[in-house]
Amino acid sequence: MGESLNGLKRTMMCGEPREEHVGKKITLMGWVQRNRKLGALEFVDLRDKTGIMQVVFGEEINAEAFEKAKGVRSEYCVAVTGEVVKRESVNENMPTGFVELKCENIKILSESETPPIYIKEDLDAAENIRLKYRYLDLRRSDMHKIFEIRSKTTKAIRDYLEENNFLDVETPILSKSSPEGARDYLVPSRNYPGMFYALPQSPQIFKQLLMVSGFDRYYQIAKCFRDEDLRANRQPEFTQVDMELSFVEQEDIMAVNEGLIAHVFKKVAGVDVQLPIKRMTFKDAMEKYGSDKPDLRFGMEITNITEDVKDLDFVVFKSAIEAGGSVRALCLKCGADLGRKPLDKLGEFVKTYKAKGLAWIQIKEDGVKSSIAKFLTDDVTNSIVKTMNAETGDAILIVADKNSVVFQSLGALRLELAKQFDLIKDKNEFNFTWITEFPLFEYSEEEERYKACHHPFTAPMDEDLDFIESDPGNVRSKAYDLVLNGEELGGGSIRIHDTALQERMFRALGLTDEVVNERFGYLLQAFKFGPPPHGGLAFGLDRMIMFLAGTENIKDVIAFPKNQNAYCYLSEAPNIVDEKQLTELGIAILPKEEKNDKE
């Protein structure tokens, strides 16, 4: 049975004692990292979130404490009181390594079974074990540091936004389902049988209603939920730094958020973000980097060589050009020494992105070698080399297809080459860029209609208003994403505040008046009462913490995350509920083929 504190107070944390505390009597509380016997002495490494302190027990120091210490085991929770003394054998690898505590009294506050994972920094336990015993995983000091960073970050965000006249307003968690976008998490209503709430994918409509309400500047650190197939670094529930502003244009919102980013990264990481953050249009990003979230920590831009090869009698190039596509390439410095096998592997790699293959040209000391040598002339080869700014020792990697395939495959290849050839020299660099002028619509082959690239409330560029009905595929939007090191950190847009324009948008999306009224009627009703021009943005807080904490795993920055199948090993959620609960809700579970997707 564990002992009680009985008024005993902790006077220092385990990671705090230093040489200047020698001779001072202190009380520490924490968990036993390990204990060991050395001659007539018993040593215990005591750990809390701040670090580890060595505690020494001996017959001559205190016989009762010495006897009790013999029984402690790993992860026992204890309180120790004694005098800080200099260590005979210094451990320079520990901040407390110059001192130790001569223990005069120990209280065993609670005992521990043998833990399923050993609490250490270089933990090698399987992820499912870490998630099942997350409370033990979180005892590690490097995990504590991550959540200290998270706490500092949210404080810095709140401080900045409130200094800039933003108001923190909570929006509903139980809301209305909208089939546009990802699947909703649905919550059945007991009071309204057969009807459901939805957990919010974002506070989008409610924050726009707050602008109609005259709140002017709103923010919220909001929980959001999406029932989607989880890719790497996605969670079914996540946190957004959400905001909306009235009487603003795109540049106003970008300026506010540049200030926010600069403030947070300086306060939390000591990083000076260079302002203003550079801008790049969606079109330029796709043509140069094959991605709407380009990693700009290295070069290797995609180059259009269509003009150089348009007269070649090579069916792959010719058919791509005739179909309205293009021929584009990357220049891999020092790639001329690559053998046929690695080049073939790169060819297989681009095929996974729907490219038909990869042509290549290597510029060697003794001439040019190419997979399409029999189709090339000296003039065309020289023209390609000049356009690519290639030099002796380089390799030119070429894809020909419709533009969407060319961009996607070469964009992915660019990132793959960066990994293989270690092209990102400064892994600690924070390289920000704004991506602007996204398409307003994207065509869904599956549904045979245009869909909103972002959401149906995004405003089109003024100069493209006339093309919403006649040429929707080429209409640009007043949408913007903030990209950091090839990851989308946040995104937003100027919203449509004109009812007539909003109705045109819904019609272009193929939504009937009945559907629009059912899904968004309450927003459109509000827009009859003088909505201001407004816009906003949302940052992914979890992703921001990943960058600030230097981790690549989103589960590290969420206290109790789910696995890739949205399963919680700790609480074993989701779970089967009582039949009585289902009956109250008017729900019957249909039989389904059983499968285990927990892993």
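Note that Cβ sites are derived from N, Cα and C of the backbone, with glycine treated the same way.
Taken from Swiss-Prot, the feature L-aspartate binding site covers E180, R226, H454, R495, and the record attributes it to sequence analysis. Counted within 10 Å of its Cβ, the other Cβ atoms near R226 (L-aspartate binding site) come to 21, all protein chains included.
The ATP binding site feature in Swiss-Prot is assigned to R226, D227, E228, Q235, E488, G540, L541, D542, R543; the stated evidence is sequence analysis. The C-beta environment of E228 (ATP binding site), restricted to residues of the same chain at least 6 apart in sequence and closer than 8 Å, consists of A182, R183, R234, P236.
Over the region 'Aspartate' (204-207), the average per-residue pLDDT in this prediction is 96. Per Swiss-Prot, the feature region 'Aspartate' maps to 204-207.
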Of the binding-site residues listed as R226, H454, R495, the one whose CA lies nearest the CA of L541 (ATP binding site): R226
Number of helical, extended and coil residues in the region 'Aspartate' (204-207), per DSSP: 4 helix, 0 strand, 0 coil
Chain-internal residues, separated by at least six, CB under 8 A from R495 (L-aspartate binding site): Q208, F457, T458, A459, H534, G535, G536
Nearest-integer angstrom distance between the alpha carbons (Cα) of H454 (L-aspartate binding site) and E488 (ATP binding site): 13
Cα-Cα distance, maximum over R226, D227, E228, Q235, E488, G540, L541, D542, R543, record's ATP binders, Å: 20
Among H454, E488, L541, R543, the most crowded of the binding-site residues [Cβ within 10 Å]: L541
